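Here is what TrEMBL records for this protein:
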DOMAIN    17-325  domain 'tRNA synthetases class I catalytic'
BINDING   Cys29, Cys222, His247, Glu251  Zn(2+) binding site
MOTIF     31-41  motif ''HIGH' region'
MOTIF     280-284  motif ''KMSKS' region'
BINDING   Lys283  ATP binding site
Amino acid sequence: MPLKFYNTLTKQKEIFTSINRDEVRMYTCGPTVYNYTHIGNLRAFVFADVLSRTLKYSGLKVKQIMNITDIGHLTSDADSGDDKMTKGLLREGKTLTLKNMRELAEFYTESFKKDLKTLNIKDPSGMYFASDYVKEDIELIKKLEDKKYTYKTSDGIYFDISKMPDYGVLWGGMRNWNKEGARIVENSEKKNPEDFALWKFNNKIGFESPFGKGFPGWHIECSAMGIKFLGEQFDIHTGGIDLVPTHHTNEIAQSECATGKKPFVRFWIHNEFVDTGGEKMAKSSGNFLKIESLIERKINPIAYRFWLLMANYHTKVSFNWDVLEGSEIALKRLYKLYIELGKKVGKIDINYQKKFKEYLEDDLDTPRALSLLWDLIKDETVSPADKKATILDFDKVLGLGFENLKEEIIPENILKLVGERELARKNKDFKKSDELRDKINSLGYEIKDLSAQAGSSDGPQISKI
Ligand code: AMP
Ligand code: ZN
């Protein structure tokens, strides 16, 4: 089976081949580090991780680059509003200097890296701060200037989209998309409402440039860094679906017009959003769920990764605590069944491996891959040792952490109390059952009764608090 991915550029599922046979070059838009990363953002990174792991599972070498946006991103994805990093500095009562901006960025980048580790997201081949590549931004803008794609207004240097006949192909050629989305605020000096800033002037804080002091536009960062680390044309670019109409559309425009080469990127692959309904999720409001929020609720963060994999990356998912807790119960059950397979690791079951690969290579069908994992566990024709080897093989892509699972030894006195509580529950003596639960908690263990929804016929799950 060939690898196939849905390409936002062509609006269809296509067979994937890399430009250079021996290596896939992939760029992932990183976070804007003016605040903590929220769990919605992290879907973009779990998705890119699964994509990169799948490419490797298929035998390909992958060079994955990620930028860290530590300058230039305004509150509107287009070019209006405040600078997000400046907002971060003001929020934290720090003076506006480039040094403080960098410190703020480093603080939130460390926290982001911790989140990646917690979610078993593998480090990309390179992760770079945008502020270290301003020279490259300036060079790219100069190239565009030489080719007459730019003009100057009182607040910056702009890209004139009317000079590029196929501007907006990623967005389906809908030149008027912004009329619907109303994301571009009119700027009377712009020649076209969709024109975007390559450089924004700022005489208080910023970098020196031939155009004047200021900051590169957010879009130019990713073009310049993509070209620097992966070349003028590369294979894959990822990001959340919200980046399609502006950020990625403008990356294509700048890059292709500066280099004269089309396409800048062959496969644009985007993840859908995590919708949190009642739970707020905007970094700008400061009120959002982060990995810490899961840990505070004593939920294993891998349950979040597991929950994300239950849906295809094209599907919008609605987060709430109930679904996450359900996913944690199912994950714990999976872990328990895995541990019960014993210590011996046998041989990978080739038939299961073939199917697993087939599902993932079909546009990362993780829901099918997970259901295959459950089938394997239930399959009595496969020996426990071979199941173990096959699960470990699947986990190269799933990243659920089977390899590091250790059997948790529950002390006898706790098991005895759990047994007594089960009996009380059976006899509908809920008062006694609650008292026993409290006692178990006070001894440092928690008990979770598996719901029918998690598909369990087992007893309760006991784990250390
Ligand atoms: P940002 O830190 O805002 O630059 O975003 C980092 C990544 O997270 C980008 O790829 C966004 O498209 C993505 N993203 C932002 N919000 C969500 C969300 N609610 N669900 C999924 N991805 C998101
Ligand atoms: Zn980007």
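Residue positions begin at 1 at the first shown residue.
Placement of Cβ uses the backbone N, Cα and C atoms for every residue, glycine included.
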Surrounding CB atoms that lie within 10 Å of the CB of Cys29 (Zn(2+) binding site), all protein chains: 24
Candidate with sparsest Cβ neighbourhood (10 Å radius) among Cys222, His247, Glu251, the listed binding-site residues: His247
For Glu251 (Zn(2+) binding site), the three-state class that DSSP assigns: helix
DSSP state at Cys29 (Zn(2+) binding site), helix/strand/coil: coil
Binding-site residues whose CB lies under 6 angstroms from ligand 1, from Cys29, His247, Glu251: Cys29
Conformational class of Cys222 (Zn(2+) binding site) under the three-state DSSP mapping: helix
